[in-house]
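Asker: Quick one: the structure is below, and I'll ask about it shortly.
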Amino acid sequence: MRSLGALLLLLSACLAVSAGPVPTPPDNIQVQENFNISRIYGKWYNLAIGSTCPWLKKIMDRMTVSTLVLGEGATEAEISMTSTRWRKGVCEETSGAYEKTDTDGKFLYHKSKWNITMESYVVHTNYDEYAIFLTKKFSRHHGPTITAKLYGRAPQLRETLLQDFRVVAQGVGIPEDSIFTMADRGECVPGEQEPEPILIPRVRRAVLPQEEEGSGGGQLVTEVTKKEDSCQLGYSAGPCMGMTSRYFYNGTSMACETFQYGGCMGNGNNFVTEKECLQTCRTVAACNLPIVRGPCRAFIQLWAFDAVKGKCVLFPYGGCQGNGNKFYSEKECREYCGVPGDGDEELLRFSN
């Protein structure tokens with residue numbers, strides 16, 4: 001996990017990038033009251049980060065959950081640090097030491113390569129669940145910058161803690177669009193190579209031209225599109241910390257479900273409307289699903305395929321949940337489920 005140490009390495013990289021002025025960090029940072037250094041020792045997961053360092057935005061798509069282990073140092077004046085994280089497809093381990101100060105909860109780290117000393121503060125922690133660190137540094141290119149990091153004893157934290165972290169970060173001048181959550185790719189062993197992702201082929205029907213308002217709502221499908229490839233992925237909130245309601249295709253339930261999108265990055269399994277999601281990702285297997293109105297109380301007339309009757313029928317959709325057996329016109333239902341005897345041409349099947 002990107003540790004205090006990895007954080008400091010990240011901050012030092014700001015020296016190599018030129019950008020505009022950044023907000024000035026506060027002069028006086030308050031540490032956790034009655035800080036107990038022995039209780040901060042042990043393993044932590046770095047789950048979120050925010051920074052005024054301009055370079056940070058350039059690598060946000062590559063930042064993943066990392067681990068940090070803190071412990072007693074080689075001398076009474078130090079604490080030891082070991083961080084483990086994925087970097088460029090390889091599991092990397094970094095070790096170092098932090099210097100204690102006269103203020104409990106404040107530590108110094110010297111980066112000899114850049115000849116700078118960084119100040120790190122433990123500003124909030126309950127020791128058993130979470131910890132928030134702030135780190136200040138000064139570079140000749142950007143002047144003073146500040147970085148906030150959220151750590152957890154487990155790979156997941158309560159949503160309220162993520163919200164509290166965002167408030168703390170913004171309170172020291174970090175812009176909202178510079179606060180990110182980390183993608184969790186799991187823990188790794190130093191030297192381990194990250195496996196290549198495996199895409200599972202799926203089968204769906206070709207669609208009618210746009211003017212026919214077919215299942216795809218677009219041109220005749222003759223090749224696999226990047227968006228359709230993404231239908232096999234799980235949803236991704238992305239590293240930013242916004243809360244925008246979006247839809248993703250759940251291949252297990254064969255339905256489009258809602259999730260909270262952070263506002264940046266993520267992946268292609270991300271749709272503004274349920275209709276767009278279904279018309280992009282639904283497969284012919286949806287025609288065999290039961291007709292489900294859903295628990296909400298709206299009254300929306302949609303079409304579904306009745307497998308018993310062998311035809312498309314109207315049904316009142318409640319407005320939420322349901323499943324993929326849900327079409328926005330009779331023509332869409334018929335062309336998708338291949339209703340015989342309608343004079344329609346047989347629809348082609350293909351796999352990606």
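Using the three backbone atoms N, Cα and C, a Cβ is placed for every residue, glycine included.
Annotations for this protein, taken from Swiss-Prot, read as follows:
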| type | residues | note |
| --- | --- | --- |
| CARBOHYD | T24 | O-linked glycosylation site |
| CARBOHYD | N36 | N-linked glycosylation site |
| BINDING | C53, K111, K137, K149 | 3-hydroxy-L-kynurenine binding site |
| DISULFID | C91-C188 | disulfide bond |
| CARBOHYD | N115 | N-linked glycosylation site |
| REGION | 206-226 | region 'Glycopeptide (secretory piece)' |
| CARBOHYD | S215 | O-linked glycosylation site |
| DOMAIN | 231-281 | domain 'BPTI/Kunitz inhibitor 1' |
| DISULFID | C231-C281 | disulfide bond |
| DISULFID | C240-C264 | disulfide bond |
| SITE | M241, G242 | site 'Inhibitory (P1) (chymotrypsin, elastase)' |
| CARBOHYD | N250 | N-linked glycosylation site |
| DISULFID | C256-C277 | disulfide bond |
| DOMAIN | 287-337 | domain 'BPTI/Kunitz inhibitor 2' |
| DISULFID | C287-C337 | disulfide bond |
| DISULFID | C296-C320 | disulfide bond |
| SITE | R297, A298 | site 'Inhibitory (P1) (trypsin)' |
| DISULFID | C312-C333 | disulfide bond |
Asker: Roughly how many Å separate the Cα of C231 (disulfide bond) from that of C333 (disulfide bond), to the nearest whole number?
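Answerer: Answer for this pair: 20 Å between alpha carbons.
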Asker: Measuring Cα to Cα, how many angstrom lie between C287 (disulfide bond) and K111 (3-hydroxy-L-kynurenine binding site)?
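Answerer: With distance taken Cα to Cα, K111 (3-hydroxy-L-kynurenine binding site) is 61 Å from C287 (disulfide bond).
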Asker: Could you state the whole-number distance in Å separating the C-alpha atoms of C188 (disulfide bond) and C333 (disulfide bond)?
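Answerer: The Cα atom of C188 (disulfide bond) is 46 Å away from the Cα atom of C333 (disulfide bond).
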Asker: Would you mind splitting the domain 'BPTI/Kunitz inhibitor 2' (287-337) into helix, strand and coil residue counts from DSSP?
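Answerer: Result for the domain 'BPTI/Kunitz inhibitor 2' (287-337), in helix, strand, coil order: 10 helix, 15 strand, 26 coil.
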Asker: Among all chains shown, work out which of the recorded positions C188, C296, A298 has the most CB atoms within 10 A of its CB.
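Answerer: Max Cβ neighbours within 10 Å, all protein chains included: C188.
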Asker: Of K149, M241, N250, which recorded positions are close to C281 (disulfide bond), meaning a Cα within 10 Å of its Cα?
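Answerer: Near C281 (disulfide bond) by Cα: N250.
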Asker: Excluding near sequence neighbours, so keeping only residues 6 or more apart in the same chain, what lies with its CB under 8 A of C337 (disulfide bond)?
Answerer: V284, C287, F305, C312
Asker: Cα-Cα separation of K137 (3-hydroxy-L-kynurenine binding site) and C264 (disulfide bond), in Å?
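Answerer: Counting only the Cα atoms, the answer is 27 Å.
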Asker: Between A298 (site 'Inhibitory (P1) (trypsin)') and C53 (3-hydroxy-L-kynurenine binding site), what C-alpha distance do you get in Å?
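Answerer: About 48 Å separate the Cα atoms of these two residues.
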Asker: Which residue counts does DSSP give the domain 'BPTI/Kunitz inhibitor 1' (231-281) for helix, strand and coil?
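Answerer: Its residues fall into 10 helix, 16 strand, 25 coil.
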Asker: If you draw a 10 Å sphere on the Cβ of C281 (disulfide bond), how many other Cβ atoms land inside?
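Answerer: Cβ-Cβ neighbours of C281 (disulfide bond) within 10 Å number 27.
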